[in-house]
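For reference, the structure is listed below as structure tokens.
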Amino acid sequence: MRYMTSEEIREAFLKFFEKKGHKILPSASLIPDDPQLLFTVAGMVPFKPIFWGKVEPVYTRVATCQKCLRTVDIENVGKTPRHHTFFEMLGNFSFGDYFKEEAIEWAWEFLTQVLGVPEEKLWVSVYEEDEEAFRIWNEKIGLPEKRILRMGKEDNFWGPAGPTGPCGPDTEIFYDTGYSKGCPEGEGCTPANSEGRFVEIWNLVFTEYYQDEEGKLHPLPRKNIDTGAGLERFCAMMQGVYSNFDTDLFQPIIKRIEELTGVGYKTDEEKDVSIRVIADHIRAITFLISEGVFPSNEGRGYVLRRIIRRAMRHGILLGMSEPFLYRIVDAVVEKMGKVYPEIVRGEGMVKEVLSAEENRFLKTLEQGMKVFDEIVEKKGKIDSEDAFRLYDTYGLPLELTLEIAKEKGVEVDVQEFNKYMEEQQRKSRAAMGDVEFARRYEYLEKLPKDFRTEFTGYEKLEDEGEVVLVARDDETVEEASEGTVEVVFSRTPFYAEKGGQVSDTGMVEWRDGKALVEYVFEASEGVIVHRIKILDGTLRRGQKVILRVDKKRREATMRNHTATHLLHAALKKVLGDHVRQAGSLVAPDRLRFDFTHFKGLSSAEIEQVEDLVNEWIMEAIPVEVRYTSYEEAVKSGVVALFTEKYGDVVRVVEVPGVSKELCGGTHVKNTGQIGLFKIISEESVSSGVRRIEAVTGFSALELLRNQKKLIDQLKEILGAREDELTDRVLSLREKVKELEKKLSQGRISEERIAMKQLEDGVKVFHGVFEGVEAKHLGGIADNVLKKEGEGIVILFSKFENKVSLVVKVSENLLGKYDASSIARNIAKELGGNGGGRKNFAQAGGRHPERIKDVLERLEEFLR
């Protein structure tokens, strides 16, 4: 076998299958269009709707090199030669086209003829009941029977993903590395019993059955092929190394880690583990952030934060005490940027986000480690509640707590940890309110298989359609005469909520009836559902209707959507190319735009952005819409979002010279129709993500009117001109502060302060006040001693269900009495603490109701 680089292997695979009639598609995003998955975990994920029969394939033969991310075995990453978080999966797919024979023959041809792998190095396994696959391997390929293993369902049968669905047998191809640890002598060593000698390099899945609710298998009318081969494993095979980390995919990254840490690879096994963890994790981190995932405490952001913190923890084990991961990003970009240009474009952003997260975690880790040590010192172990507190308060992932505990030889009981997590999530959901999430809309199965709603809303705001389906409470009905129902029409001008743009609303009318359209959504690919409230009449399946979109609402939404594109372009121009969309809301009354940036915008920057957007509006630039292939659109420099799903033909919305984005939303004909653009707020959403809210058109006009009314009211109240308002308000604020101080002191001076004389003749002055802030009590105590000359002053103030306390001792009594000691004694009784100097001390407590008891026993606390 000749040495091949990762680039050569990747290119050879795709070219081979292109010659076999496959359409070569670019890698889909790591963020799948699947609510059940956080990440793309396999090459077949982008094609799930096809495998499930929900979408007709554009191409029947496809091949890809797909970016994937898995964290299910993250604890093994770095400890084994082949566990990874981020990896690339080579795959060829057939959707009702070729089947087992071609899939097996082509896999064998690629391995033995293109890559030049010696035949004697290859073994396979097949499902024990799959005689067809066995026969192809044995008779067509000529593989000896002894190198074809028959395995059970657990090893060689894929799916279904749930209780029901597509499934089928698979065949796995193994490469013999010759590494013989733990393997029986002689010919007894096989992929079934070796410990690491045989590496699975390719899995061919034959999706030919459908499993029903009873577990019975039914032949599929259209059989599919789904194959997956890890590029990292192919590289190890073709580069003659046992570990994936010794391939050209990882070595440049490992060299960079060696430079930064001063620790050589393969000099110490424990340190080697840490180097491998960092080398693996930095790839995942770079790709995730470049695709718009940012560290947070939930969902994808939490997974990213967990990966970052695990990598940092291993950096600390290598002696790193400051941020360092962001300095390895360039090694990843240099190695993989030609294949995945998104990491080149996002390099600056990745470094900024990562550096900020590293700094944050170092502070958190310092605090968390102190708490960890305190808990261990007190209890000798970490229990579930402690582990959850370390996570919830100090941001230490459970996995990191377990690793630290293991290193310190400390027991960790995490049996109840998940219960605490579930309770927190329950509270979070309750705080958010009821959210409709991942409804199945099973009633849509009653629609014809290839049904798609014809959307006419780009050209029309009114159209005629036919009722195709009516559903109430997730059940189809023939007719409905009152209440809220969900309806599918044959065609509609109503825009379904998508891509951040809210849905249209309006009316549906038919002979003797009408209904209010409250919400419109796309429940499955191309099927638009209208949630309507029937006002009059009876709506029946098959009925002809007129659908009318609320024109003013649509036009306002269009203004805001086009303005969002202009805002995105302006932010890039003012702040830099690292700015990327991280979320949006386009509604008729406002727009909201989340974007990547690492600090708040200054007033000058906000003005620059506003000025740019309004300049483009005043230029009345025509907004152009065209349809093209995804590949051509990306080549032309269009902005595409990784969180959006795009088909083979895409819609490009362009404001010439300003903005060019893939977008399915509704837009104005030219920018002048937006009227006016005004930012109303700018704030942080999460680490590295900012949010701008803005208004346009009549909403902007209303904002200006309201501000003018407010200014006029202030002018009238303050008796000042507009240019005098700021100075007048500042002056009034200072006067209020001074008056509050005088008022407080004046009120207190009128209060009766009692005096108690001790046996030694010392006078103790004490008083209890309501609502006096603690900061004023010291001044009152000073006034009392000035007036009385000498003594001890003890003053209490009840404030917001708490109690504040000051103690003042005159100079001549300091040899006998200590204000700090007195304050601590009293505070302990009041459920608090305090302290200070011998002559003056302050304290606080949680039980103001105990003040009376303290005063009755005052002499006890003076000792």
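For all residues, glycine too, the Cβ spot is worked out from N, Cα and C.
In Swiss-Prot this protein carries:
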type    : residues               : note
BINDING : H561, H565, C663, H667 : Zn(2+) binding site
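The Cβ of C663 (Zn(2+) binding site) has 26 neighbouring Cβ atoms from other residues within 10 Å, across all protein chains displayed. In this view, the densest Cβ surroundings among the binding-site residues H565, H667 belong to H565, judged by other Cβ atoms lying within 10 Å. The secondary structure of C663 (Zn(2+) binding site), as reduced to three states from DSSP, is coil rather than helix or strand. Taking Cβ-Cβ distances under 8 Å and a sequence separation of 6 or more, the neighbours of H561 (Zn(2+) binding site) in its chain are Q501, V586, L591, C663, G665, T666, H667. The Cβ centroid of H561, H565, C663, H667 marks the Zn(2+) site; residues of that chain outside this set whose Cβ lies within 8 Å of it are M558, T562, T564, V586, V623, V653, E661, G665, T666, given in sequence order.
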